[in-house]
Amino acid sequence: MGFRKKNKSPPVLSHEFVIQNHADMVSCLAMIILLGLMFEVTAKFAIMFITVQYNVTQVLDEKSEPVNLYQYGPKDVATVFFYLLIAVILHALIQEYILDKINRRLHLSKTKHSKFNESGQLAAFYLFSFIWGCSILTAEEFATNPTFLWEGYPHTNMVFQVKFFYICQIAYWLHALPELYFQKVRKEDIPRQLYYICLYVVHISGAYILNLHRLGLVLLVPHYLVELLFHASRLFYFSDENKQKGFTLWALLFVIARLLTLTLSVLTFGFGLPRTENHGFSLAEGNFNVLTIRMTCLAAICLTQAWMMWKFINFQLKKWREHSQNQASKKKTVSPKSKPHKRETTKGGAANGVVKSEDKMSPRARKAKAS
């Protein structure tokens, strides 16, 4: 990890050297970009990496002041790259100064250690993104008028907060790809993490490029709330295995979030966008309101929700089997109560409560029989 003091320094530019010092290297690269602002020759290139590009000034009314809005373009790639570097640095700081210290106290196994680090990083990101997304939505009129999801499409102009939100979202999920190498993620965990990282990149980038940032923002906020609850519950579970109540609430909200996502998606692509005035395909105008793209987007969302539900059902079945096995093992460990055994009679005594006929003979009868 970056920022970590090591007793033994590995060979320069070796794999271990890069893994241990990757945050320091990335910090140097980010500092070089920031130093470019100090020189007039390089300032125009450095600004392209640091600030949000494609500013558009729009006047709504004659009495109102001009409003600064933003569009997207190829220069956004440079901005995403810079904030990808910032995400790597913040990732290393959270890992070094928070998660590693907690791990030393908990003494977790290697498997739980890896999952604890993953949940810790994602919980911090989901919490920050959820609060940020809610602050943006409060300024919109979605709560009172859900038709703002498709009215006035294409939504080519964005306020600063919306564009910067999408830039940071894309940068974070792209930074998660090299983190698989920097964090030495186990080989069996790489496919699972690659799946959801790629899904985030594709869906968020698609909403940004297709000018569907309103729908994307509305769908991301409840989804991040559900994921935040799951990873927070998993962190509490690793600290104390008896704390599992959070998973029950997460399961309920997970299903609600999937239904909400499907409802809003069908409403937007199947009902709202087909009834808008602007139909057709135009890259210059940013208009993608054609049947093919609408159905492709809707199919992608539906397939993703179906895949998530399938993983959710398998997860619940696995937990149910583990709970059943634990209950069965507990019953086996409890020994059954031993039943009282009947007292065996002696050779000359009664057997099974029945007195033999020989025992009933009188002494005179025995003497006569013996003679």
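In case you wondered, yes, glycine gets a Cβ from its N, Cα and C as well.
Unlike curated records, TrEMBL annotations are generated automatically.
A Cβ distance under 8 Å defines the sequence-distant neighbours of the transmembrane segment (29-52), meaning residues of its chain 6+ beyond its ends; these are 70, 75, 78-79, 81-82, 85-86, 89, 160, 163-164, 167. Annotated transmembrane segment per TrEMBL: 29-52 (among others), in sequence order.
Annotation comment: TrEMBL describes 80-99 (among others) as transmembrane segment. Long-range neighbours of the transmembrane segment (80-99) within the same chain, counting only residues 6 or more positions beyond its ends whose Cβ lies under 8 Å from a Cβ of the stretch, are 1-4, 22-23, 26-27, 29-30, 33, 49-50, 116-117, 120-121, 124, 167-168, 170-172, 174-175, 178-179, 182-183.
The domain 'TLC' annotation in TrEMBL covers 114-323.
The transmembrane segment annotation in TrEMBL covers 120-139 (among others). Distant neighbours of the transmembrane segment (120-139): 91, 94-95, 98-99, 102, 159, 161-162, 165, 169, 172, 217-218, 220-221, 224-225, 227-228, 231-232, 235; these residues of the same chain sit at least 6 beyond its ends, with a Cβ under 8 Å from one of its Cβ atoms.
According to TrEMBL, the transmembrane segment annotation covers 159-182 (among others). When Cβ-Cβ distances below 8 Å are used as the criterion, the transmembrane segment (159-182) is approached by residues 1, 18-19, 22, 52, 68-70, 72, 76, 79-84, 86-88, 91, 125, 129, 132-133, 135-136, 139, 190, 193-194, 197, 200-201, 204-205, 207-208, 213, 216-217, 220 of the same chain, each at least six residues removed from its ends.
Residues or ranges marked as transmembrane segment by TrEMBL: 194-211 (among others). Nonlocal intrachain contacts for the transmembrane segment (194-211), taken as residues 6+ away from its ends with a CB within less than 8 angstroms of a stretch CB, comprise 72, 153-156, 166, 169-170, 173-174, 176-177, 180, 217, 220, 286-288, 293, 297, 300-301, 304.
Per TrEMBL, transmembrane segment is recorded for 217-237 (among others).
Under the heading transmembrane segment, TrEMBL lists 249-271 (among others).
Remote same-chain residues near the transmembrane segment (291-310) are listed as 199, 202-203, 206, 210, 212, 258, 261-262, 265-266, 269-270, 273-274, 281 (criterion: CB distance under 8 Å, separation of at least six residues from the stretch ends). The feature transmembrane segment is assigned by TrEMBL to 291-310 (among others).
The annotation region 'Disordered' is assigned in TrEMBL to 324-371.
Taken from TrEMBL, the feature compositional bias 'Basic residues' applies to 329-344.
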